[in-house]
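Right, one structure below, let's go through it.
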């Protein structure tokens, strides 16, 4: 298992922790050992669920228990997961979230299901290379997000979740058609000024979406009423004209965008990491997903996507007055003894055949 670095150090490397190991021996004999806990390897089980998915099960979960009971297990987990003790964390809300995470994760006792992650494709037109990023999420600590590009949109999908937003949800969505022109540094310190700029773009996006819906309705009515198929190419011409206009607008945006511009967080915006870059390349309007515990009442709220360089970006959550800093994961996810993907798949098939 690759764990993110200790909060809030997003630029630190990932941490490696073995969870299980497979021994393939002669005479088609195989054993699986669980590596979870602090008492050494012990008996485990592995099973293929379906394509790109397998599960592990510990057969001796008593090896995960500590002599000091759950309190000692929690203290040990806290040192490994957060690099600190509970006494070092003064924020009561953060203490509550950390305790929730411990209760939630420890109940599985390394009986887990694994699914393969397919990284998004890369295009020369992408703003930066897509991939996996470590990001700060306030009291939740560091989480892993996959950045991908989809035409005029960019999306950040959670690979690891928390009690509010689970894994698999789109934590941020960036509207690449709506770059933001930030004020100078002095005015940028004023949160109300940034909020005014973002709200104006939010209203513009809302109007454009309404106009698009109306145009689509008109086109649908026209197609229904038309008796000749000649009406269809007209729609195509309109679409081409719209694409050209968007391309021209994008070109103008790129011409106007400076190579870099000063950046500072507005007063009152909370950041777990104060060591963020003080210059950025470009900013875009975006939305961030927030919700209550248990993913209740999810809502997309306005925000600012800030591109710092090829490996770092940020997001200002307007409603939360919070800032998340993201740093690219550069680890190759293999160590010297790790098998290739093909070899690992072959091992799973051998174990499955032995089990049946």
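Every residue gets a Cβ built from N, Cα and C, even glycine.
These figures come from a predicted structure and were not determined experimentally.
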According to TrEMBL, which listed range is region 'Disordered': 205-260, 261-316?
205-260
With DSSP as the yardstick, break the compositional bias 'Basic and acidic residues' (205-222) down into helix, strand and coil residue counts.
18 helix, 0 strand, 0 coil
